[in-house]
Amino acid sequence: MASPRTVTVVALSVALGLFFVFMGTIKLTPRLSKDAYSEMKRAYKSYVRALPLLKKMGINSILLRKSIGALEVACGIVMTLVPGRPKDVANFFLLLLVLAVLFFHQLVGDPLKRYAHALVFGILLTCRLLIARKPEDRSSEKKSSPPGNAGSDGNAGNTEEQPSLYEKAPQGKMKLS
């Protein structure tokens with residue numbers, strides 16, 4: 001049976017991957033939703049107007065929208081279907097994209113309800129990346145005393161564990177005044 005951590009990472013990967021494939025497709029084509037597609041076109045025009053540096057670099061709203069949409073679709077497919085390290089790389093790129101989108105929303109002065117989904121999915125991407133990259137639990141490994149920390153009798157090879165602070169603390173009720 002898979003560990004809860006593995007189930008969580010797989011569930012987040014598939015859900016986030018499908019979401020970004022869907023959102024990227026909406027940016028690329030009106031076939032899924034004409035209203036959402038036209039709204040994306042309008043939003044990306046305002047992003048390019050608010051950031052003149054993009055125009056100076058030769059990036060128009062169509063190129064920006066299609067580039068971000070294609071990157072979302074590609075990373076979403078990787079998040080959904082490809083195992084291992086590429087999934088974490090796609091997660092990282094999507095996280096950078098979400099941060100860029102949040103920046104654009106702030107730049108044009110959009111209200112929170114227009115970009116709340118980006119905040120939520122940014123948090124989910126961060127959680128997925130942290131869970132996936134967290135080292136395995138090492139509670140089964142034996143704890144060893146740090147080097148140079150000899151026991152009271154001077155034996156460096158003393159492997160007895162020191163009691164934790166919790167075990168040393170007095171147990172029972174405390175009087176607070």
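Cβ coordinates are placed from backbone N, Cα and C, and glycine is handled just like the others.
Summarising the annotation, Swiss-Prot assigns topological domain 'Cytoplasmic' to 1-5, 83-88, 133-177 and lists a curator's inference as the type of evidence. The annotation transmembrane segment is assigned in Swiss-Prot to 6-26, 62-82, 89-109, 115-132 on the grounds of sequence analysis. Feature annotation from Swiss-Prot assigns topological domain 'Lumenal' to 27-61, 110-114; the stated evidence is a curator's inference. The region 'Interaction with NGFR' annotation in Swiss-Prot covers 43-54 and is backed by similarity to another entry. What Swiss-Prot records for 136-177 is region 'Disordered'.
Look at the region 'Interaction with NGFR' (43-54): DSSP puts its residues at 11 helix, 0 strand, 1 coil. For the topological domain 'Cytoplasmic' (1-5), same-chain residues at least 6 beyond its ends with a Cβ under 8 Å from one of its own Cβ atoms are 131, 134. For the topological domain 'Cytoplasmic' (133-177), the model's average pLDDT works out to 57. Here the topological domain 'Lumenal' (110-114) has no long-range neighbours, meaning no same-chain residue at least 6 beyond its ends has a C-beta under 8 angstroms from one of its own. Long-range contacts of the topological domain 'Cytoplasmic' (83-88) within the same chain, counting only residues at least 6 positions beyond its ends with a Cβ under 8 Å from a Cβ of the stretch, are 13, 129, 132-133.
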